[in-house]
């Protein structure tokens, strides 16, 4: 009877799987069916607000203006709708390098990425409504007050302290049931983290189980949270699959944007939201750099494109001597995995596998760092190499048991939360959408190396603790040929105390960026305290490029909060203008 029931379950899994594939394909075919599209006859209309880019900031801002403004709103987006595939959390990586990803690559890195092809990092950026919020790993961050206070203290931004931003961060947080928190008893790994929290209570470590922007097993991005509820409003129009090529400035009497070139059409408008590459292509930036590209300068802002920052990670694989459950190929191919997901939105398909993290915000001058726990035992070689740009030997050194489809384990990811390294973004030529020159300049600061080593040492302390002992963990120190002079030596596999030189070598060979870029249109240097482009009266920048310093966590929620605040200023200005008439 048991075997018969099992066969029925297997058959049911196959049938449901087939039906789900049909649904996904149908969603993919319908992905460009954007509602409320700007009609050809409307292309000569004047809009009160034009928002360029439907990413996290753009979608949030569009929602608030369409809902609360008396003016007309046009949202221009280079892509269309993401398909249903993007809604399934565990399939996030399959969205990268696809039609909804700009698929940028960094320039060859000088201080890192030696184990990557051409020493170039993959830099996914979303193309479509929701932008990178439909490519990211859906992790929510409540914010860290000292991040904002440092803007106030070090960048003369008195309007951006935690006291001013706390309410906007709270408003950015989705309410139940639009959030998923990993349960304490989700797996043996989460149970170990729970025990470690009690064991290390004397340390300054903060333990967090992952919070996801997931509802009923589906990604709940800014599209679902903000844009969809207003998408049919009469004062809103959308223009998908459209590239903005240039914004035109003119003095009247102050310098302001007067028109934008979209494809072959000009759309007149009053208030606009833009970002870095478009600014450069429009002749706004460093005049000498623009001249070399043959771009006529309209407005001098020398710091456009500078101050690029991003988090940088070192992943380490830890095998377990017990059954997880952790993500591996056998788990994913089990029919019950699909049945559980389709029936209740639960199980491995219902989140991305990041189960929790541990952070130290530092003290007595120590830099803050984070440790993330990704519950994956078997890493698919072709999938990860495609989205990471790893060379084969580097991947196989990091994940020596990748070929074992039943491998149990997890990946511990160490990173510096406030990296000091700074890079830049520039244009290869005057054509904006050619692959831009993105140089994160990872690990150019020795402080970042020291900070990440501290994170790794703490991660090892956690894995070696009695709280993790029941997992029978074993850290697999990568055998990277170029690092062999420094380790790993046999003793390193017993005491888990490899040298700093070895850890630094690992970082510079197999470390990866976090895809958290920001800073290139920074508050205080490129935009003013109300996000207005300096010297231009009616252009604001509302995305992660305005962050003057890194966020000590995932930045998506902070960008939502920034957009909420920008909307409050814009709506207040509209109200004041109405009162003065």
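Using the three backbone atoms N, Cα and C, a Cβ is placed for every residue, glycine included.
Under the heading signal peptide, Swiss-Prot lists 1-26.
Summarising the environment of residue 48 (FAD binding site), the number of other Cβ atoms within 10 Å of its Cβ, over all protein chains shown, is 17. According to Swiss-Prot, the feature FAD binding site maps to 48-77.
In the three-state DSSP assignment, the secondary structure recorded for residue 70 (N-linked glycosylation site) is coil. Residues or ranges marked as N-linked glycosylation site by Swiss-Prot: 70 (among others).
Residues or ranges marked as N-linked glycosylation site by Swiss-Prot: 156 (among others). Residue 156 (N-linked glycosylation site) falls within neither a helix nor a strand when secondary structure is assigned with DSSP, and so counts as coil.
Counting every protein chain shown, the Cβ of residue 404 (N-linked glycosylation site) has 16 other Cβ atoms within 10 Å. The N-linked glycosylation site annotation in Swiss-Prot covers 404 (among others) and is backed by sequence analysis.
For 464 (among others), the entry in Swiss-Prot reads N-linked glycosylation site, with the evidence type sequence analysis. In three-state terms derived from DSSP, residue 464 (N-linked glycosylation site) belongs to neither a helical nor a strand segment and is classed as coil. Neighbours of residue 464 (N-linked glycosylation site), defined as other CB atoms within 10 A of its CB across all chains, total 15.
Per Swiss-Prot, active site, proton acceptor is recorded for 516. Residue 516 (active site, proton acceptor) carries neither a helix nor a strand DSSP state and counts as coil.
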Here the recorded positions are 56, 60, 68, 156; which one has the lowest number of other Cβ atoms no more than 10 Å from its Cβ? 156
Min neighbour Cβ count (10 Å) across binding-site residues 52, 64, 76 flags 64
Identify, among the recorded positions 70, 72, the residue whose Cβ has the fewest other Cβ atoms within 10 Å in this structure. 70
Just jot down the residues in the same chain as residue 516 (active site, proton acceptor), at least 6 apart in sequence, with C-beta under 8 A of its C-beta; none if empty. 310, 311, 544, 550, 551, 554, 555
Look up residue 404 (N-linked glycosylation site) in the DSSP assignment and reduce it to helix, strand or coil. coil
Expressed in Å to no decimal places, the gap between the Cα atoms of residue 70 (N-linked glycosylation site) and residue 48 (FAD binding site) is 9
